[in-house]
């Protein structure tokens, strides 16, 4: 029997839906919602569904709960896939299925022909356990070797963040973990909208929003709304939440720029620049000096003559005690805005710090050779 590829396959409402709430470095990133192809690979789908709920108790082979909760994504390869499911050893050497240690390849009806496909990891033919991977690009070389049994229907943005975490070899440098998981029944809230009391009514990732990303004017309205929410958090000195909202704006902007014509996408540059600058300001308030420098560099890549970016980067350099770098940025800012009093005052302060540093070094040398 032939079946359409997942690329062309519409979502089947009778198939099970499950979710992962993902944490990276102890911080919640978001939710991935997956459809399991129980209509085509029922045994494989049921294995994964039960591992999401934890309803099968303790595994006889591993002696560990048959449950993905607390399980890491232990292997990440950019432009390929993210892998997890080893709930026992947590490093790719363990895990087991709900049917026993291993079970057979059910079928290979579906091809690995798009991002966001859920497929069984294995150690050869008929060695399926609990380990799985989610593709981040088409991977046709895996066809006929790994069983495709589901797809991401919400939260591909979360999967992309996982794909891009820093790795040492193929191991994430930060712990990437399934903090919560389970099954979503008909009528359940899929949990893709924020519940932070801020009035934010937009999904955290633009891929999950019911909006045409090519509609730049609509994205601009959403971005301004989110920026205003971020500004409210900034005014209340909730720097972390402000950064989250400004970063969310940048996700929507980048999503729209990728989809829209270049001329239309240029309309989004001012709101993007404003949010990057605001992130830099938040990081200064948090004494995250390197983070502030990095954010201001990003702003200067958008607008090389932006005096706010130069001024704030100079403050970041001072926090890092890189006074010569700060001086260079402030001199450039003064060339652009010679009448700006704040730049003049900061320039004087940096010159005084450089003098104090040199005086201290002279005193130390004098003492050394006295």
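Using the three backbone atoms N, Cα and C, a Cβ is placed for every residue, glycine included.
It should be emphasised that the depicted structure is a prediction, and the values quoted were computed from it without experimental measurement.
Marked as phosphoserine by Swiss-Prot on the basis of similarity to another entry: 5 (among others).
The feature domain 'PPIase cyclophilin-type' is assigned by Swiss-Prot to 19-183.
The N6-acetyllysine annotation in Swiss-Prot covers 171 and is backed by similarity to another entry. In sequence order, 74, 75, 76 make up the list of same-chain residues 6 or more apart from residue 171 (N6-acetyllysine) whose Cβ falls under 8 Å from its Cβ.
Positions annotated as region 'Chaperone activity' by Swiss-Prot: 185-215. Over the region 'Chaperone activity' (185-215), the average per-residue pLDDT in this prediction is 94.
DSSP classifies residue 198 (phosphoserine) as coil under the three-state reduction. Among the features that Swiss-Prot reports, phosphoserine is placed at 198 (among others).
The region 'Interaction with HSP90AB1' annotation in Swiss-Prot covers 214-370.
Look at Swiss-Prot and you will find 223-256 tagged as repeat 'TPR 1'. Non-local neighbours of the repeat 'TPR 1' (223-256) in the same chain are 157, 196, 198-200, 202, 204-207, 209, 213-216, 265, 268, 271-272, 274-276, 278-279, 281-283, 285-286; each lies 6+ residues outside the stretch with a CB under 8 Å from one of its CB atoms.
Marked as repeat 'TPR 2' by Swiss-Prot: 273-306. If you look at the repeat 'TPR 2' (273-306), the same-chain residues 6 or more away from its ends with a CB under 8 A from one of its CBs are 223, 227, 230-231, 234, 237, 239-240, 242-243, 246-247, 249-250, 253, 312-313, 315-320, 336.
Residue counts for the repeat 'TPR 3' (307-340) under DSSP (helix as H, G, I; strand as E, B; rest coil) come to 27 helix, 0 strand, 7 coil. The repeat 'TPR 3' feature in Swiss-Prot is assigned to 307-340.
Under 8 Å from some Cβ of the repeat 'TPR 3' (307-340) lie the Cβ atoms of residues 277, 280-281, 283-284, 287, 289-293, 295-297, 299-300, 346-347, 350-351, 353-354, 357, all in the same chain and six or more residues away from its ends. In this structure, residue 171 (N6-acetyllysine) is part of a beta strand by DSSP. Cβ environment of residue 198 (phosphoserine): 229, 232, 233, 241, 245 lie under 8 Å away, each six or more residues apart in the same chain.
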